[in-house]
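Engineer: For reference, the structure I am asking about is given below.
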Amino acid sequence: MDTCHIAKSCVLILLVVLLCAERAQGLECYNCIGVPPETSCNTTTCPFSDGFCVALEIEVIVDSHRSKVKSNLCLPICPTTLDNTEITGNAVNVKTYCCKEDLCNAAVPTGGSSWTMAGVLLFSLVSVLLQTFL
């Protein structure tokens, strides 16, 4: 597989996160989707006061190639996590960090963070399979 497949996998994961996400109000969060990890993100006010700011760091490994992107956004819940997952033979690691304070999702903290959202990966697998057949 080449970097095109890596990019498609990352985009699909991020698209699913966006489709599954409702925004929260009142909380101020950083907001960017599928950008390189060193990229600065804009801020946004979330629609519901009980929302979470979420930071995702997504790494897709195809053969010996690694690709990382980050997403920062508002979600109504903190996503459930697992350890590591494989989608169509590719290793996908998603570090997730959730918080409930203004602008607390600047980055996924190093060490001790959780990995891989189960729902996102399930929907991503379906999306990848659908895209394969289209």
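Using N, Cα and C of the backbone, Cβ positions are placed for all residues, glycine too.
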Engineer: Identify which of C29, C32, C78 is listed by Swiss-Prot as the disulfide partner of C53.
Structural biologist: C29
Engineer: List every residue in the same chain as C29 (disulfide bond), at least 6 positions away in sequence, whose Cβ is under 8 Å from its Cβ.
Structural biologist: T43, T44, C46, G51, C53, V54, N72, L73, C74, D102, L103, C104, N105
Engineer: Roughly how many angstrom lie between the C-alpha atoms of C98 (disulfide bond) and C32 (disulfide bond)?
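Structural biologist: So the Cα of C32 (disulfide bond) lies 15 Å away from that of C98 (disulfide bond).
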Engineer: Over all shown protein chains, what is the count of other CB atoms within 10 A of the CB belonging to C53 (disulfide bond)?
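Structural biologist: So the Cβ neighbour count for C53 (disulfide bond) comes to 27.
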Engineer: Should C104 (disulfide bond) be counted as helix, strand, or coil on the basis of DSSP?
Structural biologist: coil
Engineer: Under a three-state reading of DSSP, tell me whether C99 (disulfide bond) is helix, strand or coil.
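Structural biologist: Reduced to three states, the DSSP call for C99 (disulfide bond) is strand.
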